[in-house]
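Here's the structure, in structure tokens; my notes come after.
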Amino acid sequence: MAALGGARRRPLLLLLLVLLAGLVHGAAAVFVVKDANGTACIMANFSAAFMASYDTRSGPKNVTFDLPSDAAVLNSSSCGKENASDPSLMIAFGRGHGLTLSFTRNATRYSVQLMSFIYNLSDTQIFPNASSKVIKTVESATDIRADINKKYRCVSNNQIHMHNVTVTLHDATIQAYLANNTFSKEETRCEQDGPFPTTAPPPPPHPSPSPAPENPPVYKYNVSGTNGTCLLASMGLQLNVTYKRKDNMTMTRVFSINPNKTTAGGSCSPQLVTLELRSESIPLLAFQFGMNASTSRYFLQGIQLNMTLPDARDPTFKAANSSLRALQATIGNSYKCNAEERVQVTEAFSINIFKVWVQAFQVQGDKFGSVEECQLDENSMLIPIAVGGALAGLVLIVLIAYLIGRKRSHAGYQTI
């Protein structure tokens, strides 16, 4: 971690170098794994930034740091053995920190099935005043995947959330199962770099109708950081997932989040607040709230889902979108909606949110601020008002007609 320590001692020099290079991310590095014959089987070129939350004597603390330029490939990295083990890239840096990418493949595609990160809390340069000095390991599935004999290419930031650590890859080129000892010319681009024109798939067959699922239970979630609570959220959650079963039949299923079987966590930063939900079948359901400082508004910016579908052709279902604009409100206020809201994350995944009441960033005293009602609730209130107005108008018309008719009937008689 000498490079990181030097950067802290010479911030002005680092800033000058950043401005000259025109970069805002850590320097990219090339990592290569070779077999016993010296033939490359894995190549990766990317920069990485880490954001971790850890405990200190004075409370939780968030820290950010980059993958340094002197990070190296460990000899324990492997090209894998057919039907025995999968390829893996293991990168070590600093005082006992390590990032591992574990690959797997099928007939047509390969992927980083699992990313794991080992970090040493006794490294006082990165984790000052840590209350524990142990080595910890976190891991998560990823959406890094590409066609066989093509490199994975992603210029945009790709965030992988692992419990209390978020790894952000930038300008990444990754390829496993190399055929020519170097990166392929052809590439598979990541979803974050999209959209890309694609051929529309044929419409799925209509499944037999099934009874409508019950509304999920509403639960209150809380995310806190060094400066206190950064997110309050009360809501019921329901996932709509479309996938292909092992028999190639397209299936759409609805999953309700059961708070009693779900663990909640998250992280706080000045520009991003994250709520992470995990259960046995859902390794990660993450909600990311961003903010626009110029308009003083916050919003649901991203949703990421990793879940297991045992009857699916690909049992690991992943979906993510980091360009959403949902659940918007003014910073300092809360957003509330009694009506059901649906957020379309990807073509194959949407989420229904019931009775949502949420506030991100400036949360005072662990209580919701002034309420901003959603448009759906405002519209639902307009309907009874309009009906009531119409009925009142009708009664008034009848009353006027009655009075006019009565006056005319009196005018028809003469006094004798």
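Cβ atoms are placed via backbone N, Cα and C, with glycine included.
The compositional bias 'Pro residues' annotation in TrEMBL covers 198-216.
Sequence annotations record features per position, and here TrEMBL assigns disulfide bond to CYS154-CYS190 (among others). In sequence order, ASP143, ILE144, TYR152, ARG153, CYS154, SER156, ASN158, ALA172 are the residues near CYS190 (disulfide bond), counting only same-chain partners six or more apart with C-beta under 8 A.
Per TrEMBL, the feature disulfide bond maps to CYS230-CYS268 (among others).
Taking Cβ-Cβ distances under 8 Å and a sequence gap of 6 or more within the same chain, the neighbours of CYS374 (disulfide bond) are TYR335, LYS336, CYS337, ALA339, GLU341. The disulfide bond annotation in TrEMBL covers CYS337-CYS374 (among others).
Across the range of the domain 'Lysosome-associated membrane glycoprotein 2-like luminal' (31-177), the DSSP-based residue counts are 0 helix, 92 strand, 55 coil. Taken from TrEMBL, the feature domain 'Lysosome-associated membrane glycoprotein 2-like luminal' covers 31-177 (among others).
The feature domain 'Lysosome-associated membrane glycoprotein 2-like luminal' is assigned by TrEMBL to 217-364 (among others).
The domain 'Lysosome-associated membrane glycoprotein 2-like transmembrane' annotation in TrEMBL covers 383-414.
The annotation region 'Disordered' is assigned in TrEMBL to 187-217.
The annotation signal peptide is assigned in TrEMBL to 1-29.
Under the heading transmembrane segment, TrEMBL lists 381-404.
Every protein chain shown contributes to the tally, and the Cβ of CYS337 (disulfide bond) ends up with 21 other Cβ atoms within 10 Å. Take the CB of CYS268 (disulfide bond) and look out to 10 A: across all protein chains shown you find 22 other CB atoms.
Here CYS230 (disulfide bond) comes close to VAL223, SER224, CYS268, VAL273, ALA360, PHE361, VAL363: these same-chain residues lie at least six apart in sequence, with C-beta atoms under 8 angstroms from its C-beta.
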